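Asks: Features from TrEMBL:
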type	residues	note
DOMAIN	270-363	domain 'Transglutaminase-like'
ACT_SITE	Cys278	active site
ACT_SITE	His337	active site
ACT_SITE	Asp360	active site
REGION	467-496	region 'Disordered'
COMPBIAS	467-477	compositional bias 'Basic and acidic residues'
Amino acid sequence: MEQGLEVALTDLQSSWNNVRHHTEEISSDRLLVRRGQAFNITLYFRKRGFQPGLDNIIFVAETGPLPDLSNGTRALFSLAGHHGPSPWIASLETNGASSLEVSLCAPPTAAVGRYLLKVHIDCFQKSVTAYQLGEFILLFNPWCPGDSVYLDSEPQRQEYVVNDYGFIYQGNKNWIRPCPWNYGQFEENIIDICLELLDKSLNFQIDPATDCALRGSPVYISRVVCAMINSNDDNGVLNGNWSESYLDGINPAEWTGSVAILKQWHATGCQPVRYGQCWVFAAIMCTVMRCLGIPTRVITNFDSGHDTDGNLIIDEYYDSTGRILENKKKDTVWNFHVWNECWMARKDLPPGYGGWQVLDATPQETSNGLYCCGPASVRAIKEGEVDLNYDTAFAFSMVNADCMSWLVYGGKEQKIHRDTNTVGNFISTKSIQSDERDDITENYKYIEGSPQERLVFMRALQKLKARRSEGPHKADSQHSTAVPLNGDSPRSLHMPSLRPSDIVQVSLKFQLLDPPNMGQDIRFVLLALNMSLQFKDLKVNLSAQSLLHDGSPLPPFWQDTAFITLSSEEAKTHSCRIPYSQYSQYLSTDKLIRISALGEEKNSPEKILVDKIITLAYPGIMINVLGAAIVNQPLSIQVLFSNPLSEHVADCVLTVEGSGLFKKQQRVLIGVLKPQHRASITLETVPFKSGQRQIQANLRSNKFKDIKGYRNVYVDLRL
């Protein structure tokens with residue numbers, strides 16, 4: 001009597017498969033494969049080998065707590081090649097005396113996640129024996145043309161999926177600073193934390209079967225992840241905090257990577273980590289999406305609009321000294337705002353709107369009841385198609401809203417000007433396989449001031465008109481009294497209500513005399529130019545105040561008044577100095593100072609407003625690699641840093657990390673640094689991954705939080 005076929009051992013060939021599926025950086029011991037691409041496994045049998053025609057082998061792949069054939073979370077597929085109930089494929093590779101190598105392939109639409117692989121063996125059509133072969137993780141596949149996240153450029157796939165470090169751009173439009181970041185999407189346990197994040201979502205908690213069935217859609221996954229990065233609706237990864245009070249957590253400026261945050265969230269039973277702001281939310285989302293296999297990049301928008309009432313106008317209010325007032329409607333222009341772009345097809349939209357999609361995990365406004373934003377097609381934003389899913393109108397306002405400035409005095413509001421150019425500048429991301437910055441503003445909008453840009457704006461406004469709730473002063477466009485012709489923040493609009501006689505013929509402009517370095521006095525001049533043929537007698541109120549990066553103002557700490565007389569076509573300067581001793585105690589973590597001037601001509605109601613945002617700079621940390629970097633060989637790293645201030649600083653802590661170089665973030669307690677003191681330390685590590693790597697460092701104290709530095713390192717595989 002013929003013996004039955006019994007499986008003794010299974011080799012998932014994890015190391016070989018993972019290399020072919022671009023997951024070897026995650027693990028060589030666990031099987032991690034991408035959908036739409038075959039992977040091989042070997043079955044070893046006890047007493048005899050596989051006999052085609054006599055033995056029927058049926059594979060079973062299951063994901064989620066309630067696997068079901070009808071919703072795609074359970075797959076049955078036969079080695080015999082019959083068209084079964086599932087689009088998964090099994091094919092024979094080699095048939096040995098007591099082993100069988102087979103090739104398995106998930107369809108490019110399969111749900112991603114953790115799978116259990118089983119096999120049913122039907123011998124002589126008499127008995128069926130079931131075996132559990134093992135677990136594997138299925139990921140999105142940007143290398144597969146059939147996958148909706150397919151990206152047809154290998155350099156782009158390397159940058160937006162494989163690269164585990166990068167830069168997030170901060171500062172202001174006049175001073176753009178790259179902040180190094182360790183995404184670390186392939187570090188130990190990160191893939192498990194990403195899958196845990198999906199299982200902690202409200203969608204999974206409410207209906208796990210449907211949630212798992214929908215995990216084949218990058219549109220769906222991206223919305224779930226976006227909502228889970230913040231903690232406003234659930235036990236998401238990060239608590240947002242813009243209050244400047246971080247005593248019960250970490251100041252957002254101190255973070256240098258995602259790994260420590262995600263591991264802390266996991267280790268504390270999925271309690272939100274304190275604290276994050278926009279760039280931290282975006283960085284965490286980039287880590288999770290790249291880990292899952294969706295091409296993702298981090299985007300910074302300078303002068304980013306936050307339009308709370310959906311009318312594409314940001315209202316800003318000023319008092320008679322030129323200082324900006326807190327906005328009761330919460331409309332603001334963020335000094336910079338950071339979000340993500342993820343690459344995917346959009347079969348739910350008309351043709352042509354796939355590709356890069358905006359996703360914003362910073363909790364600003366709700367979307368279908370949850371704090372998430374997107375995916376919104378970048379092309380739809382550029383074309384003003386704000387009625388397309390998801391949250392395209394809000395994304396449009398971030399890059400292309402108009403700004404309306406109001407002067408508040410005596411309980412009244414006077415319109416100063418409407419500016420079409422302020423919002424959305426120098427939209428930036430890291431270049432492909434380079435440390436340079438790419439300006440991608442043209443992806444989001446046509447050239448400012450061009451007829452096409454205004455046409456798109458009007459198209460978007462028309463689409464929003466039905467749901468727009470317009471305040472009484474917004475509808476009134478007949479009382480603009482002044483439009484400056486020049487300034488650091490240009491304020492101009494060719495409005496039909498303006499006549500030539502309404503044009504203000506005096507310009508004001510700020511000019512810094514020295515680089516704005518922390519610890520030094522700020523010296524600048526106000527330039528006044530009379531472009532008319534008439535004599536001008538001006539009174540100019542000047543002020544300085546700190547800003548948070550979301551545009552929220554802090555109280556003024558410096559004021560001045562200048563009286564300037566100008567003959568025909570004459571220019572004059574007014575010199576100003578703000579001592580370090582005066583501004584130091586009022587600085588926010590963001591180190592932003594807004595200087596402003598409100599000018600008025602004698603015997604004239606016309607007002608001229610000019611402002612300039614200054615970001616104070618620190619000297620960076622220097623990192624030197626002492627010797628050749630080789631896998632599994634000791635490596636010395638020297639870190640040089642200094643106290644840039646002319647006073648003692650205490651509670652100094654240096655943090656250093658780098659994927660593939662350090663197993664975990666290094667924290668060095670420095671203590672007190674004397675005024676202007678320079679110091680260095682040497683760290684020892686053993687690199688455990690080869691290829692291009694990056695070291696990120698941050699120095700914090702009781703006086704500053706984010707002196708940063710980085711160093712790229714190439715790690716060789718062997719001597």
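Every residue, even glycine, has its Cβ placed from backbone N, Cα and C.
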Asks: Summarise the domain 'Transglutaminase-like' (270-363) by DSSP state, stating how many residues are helix, strand and coil.
Replies: 15 helix, 40 strand, 39 coil
Asks: Looking only at C-alpha atoms, tell me how far Asp360 (active site) is from His337 (active site), rounded to the nearest Å.
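Replies: With distance taken Cα to Cα, His337 (active site) is 10 Å from Asp360 (active site).
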Asks: Whole-number Å only: compute the distance from the Cα of Cys278 (active site) to the Cα of His337 (active site).
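Replies: Spelling it out, the Cα of Cys278 (active site) and the Cα of His337 (active site) are 6 Å apart.
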Asks: Using a 10 Å radius around its CB, how many other CB atoms surround Asp360 (active site)?
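Replies: A 10 Å sphere around the Cβ of Asp360 (active site) contains 30 other Cβ atoms.
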Asks: State the count of C-beta atoms found within 10 angstroms of the C-beta of Cys278 (active site), not counting that atom itself.
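Replies: The Cβ of Cys278 (active site) has 27 Cβ neighbours within 10 Å.
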Asks: Tell me which residues of the chain lie with their Cβ under 8 angstroms from that of His337 (active site), as long as they are six or more apart in sequence?
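Replies: For His337 (active site), the qualifying residues are Cys278, Thr300, Asn301, Ser304, His306, Thr362, Met398, Asp550.
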Asks: Mean pLDDT, the domain 'Transglutaminase-like' (270-363)?
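Replies: Overall, the domain 'Transglutaminase-like' (270-363) comes to a mean pLDDT of 94.
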